[in-house]
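A.B. asks: Copied straight from TrEMBL:
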type	residues	note
CARBOHYD	12	N-linked glycosylation site
DISULFID	27-45	disulfide bond
BINDING	58, 62, 83	Zn(2+) 1 binding site
BINDING	58, 62, 83	Zn(2+) 2 binding site
ACT_SITE	59	active site, proton acceptor 2
ACT_SITE	185	active site, proton donor 1
DISULFID	208-220	disulfide bond
């Protein structure tokens, strides 16, 4: 794609396998920028699995981000799209089209069932976590704005959990409890729902257009496209030197997030699940209300 190559130090200094000399290490995959403009590393304990292949691409997305904005003053060496870029890399390499291209998948016929299975697997790592991040965002910002009484902070959190996730506190909670800060994403400001979960789909759509892709969005593979690489490098090189809205506009021409690319990506899965729900008479949602009647009104029987 014409992106920056990994420096020799990346391969020499990264921890890509669990040490066999008895050292105790934290194997959770992370990417590291040593802030000198040339030392970038990954720390993870890889094994030969498809999940690890996805993870290493995700972490390499972070490394590419580090390298692209390394020329900026230190205070701007950050980026609002780090997790989105990681997810973009992982999504693009997961397609059967890419796996065939690099020799990791044979040329056997790709069936409709394979398509649904692929989209369902992708949805479990993207769409299924949207309510979790939404609740974190809603609770955090409503608390900051003073919309909750202090003594009701925890109750309001679990009200959101019930409404958007359909889950309840596993044990009785009181106003003396405060559960949200125990969540890593809230305590470390790592949720950023919009930029993390919507942007990779918008970015994928833009890069696929640049690569001249024809066909459904979920079949796009940007590997090998220098035009897509140029667009990606341009936005990564901005780091945090401009507001994220400016970076989004630079690459896509729009300044607001939209769920349309996400819905476009999963459209075949959405239709499949809608028809399955309607054929089986399943109830969508929880509590006294459900949306079965709405989604089945215009459904198409398989």
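Cβ coordinates come from backbone N, Cα and C, glycine included.
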A.B. asks: If you draw a 10 Å sphere on the Cβ of residue 59 (active site, proton acceptor 2), how many other Cβ atoms land inside?
C.D. replies: 24
A.B. asks: To see if you understand the setup: which same-chain residues, six or more apart in sequence, place their Cβ under 8 Å from that of residue 58 (Zn(2+) 1 binding site)?
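C.D. replies: Once residues fewer than 6 apart are set aside, residue 58 (Zn(2+) 1 binding site) is near 29, 86, 87, 89, 90.
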A.B. asks: If one looks at the chain holding residue 45 (disulfide bond), which residues at least 6 apart in sequence have a CB under 8 angstroms from its CB?
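C.D. replies: In sequence order, the residues whose Cβ lies under 8 Å from that of residue 45 (disulfide bond) (at least 6 apart) are 15, 17, 18, 25, 27.
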A.B. asks: Starting from residue 83 (Zn(2+) 1 binding site), work out which of the recorded positions listed here (12, 185, 208, 220) have their Cα within 10 Å, and give them in sequence order.
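C.D. replies: If one measures from the Cα of residue 83 (Zn(2+) 1 binding site), no recorded positions come within 10 Å, so the answer is none.
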A.B. asks: What's the CA to CA span in angstrom from the residue listed as 'N-linked glycosylation site' over to residue 208 (disulfide bond)?
C.D. replies: 33
A.B. asks: Sort out the sequence-distant neighbours of residue 220 (disulfide bond) for me: same chain, 6+ apart, CB within less than 8 Å of its CB, listed by position.
C.D. replies: 92, 95, 97, 204, 207, 208, 211, 213
A.B. asks: Near the Cβ of residue 27 (disulfide bond), how many other Cβ atoms are there if near means within 10 Å?
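C.D. replies: Other Cβ atoms found within 10 Å: 12.
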A.B. asks: Based on Cβ atoms within 10 Å, give me the single least packed residue among the recorded positions 62, 185.
C.D. replies: 185
A.B. asks: Fewest other C-beta atoms within 10 angstroms of its own C-beta: which of the recorded positions 12, 83, 208 fits that?
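C.D. replies: Sparsest of the recorded positions 12, 83, 208 by Cβ contacts within 10 Å: 12.
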A.B. asks: May I ask for the distance between the residue listed as 'active site, proton donor 1' and residue 62 (Zn(2+) 1 binding site), taken between their Cα atoms and rounded to an integer number of Å?
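C.D. replies: One finds 18 Å between the Cα atoms of these residues.
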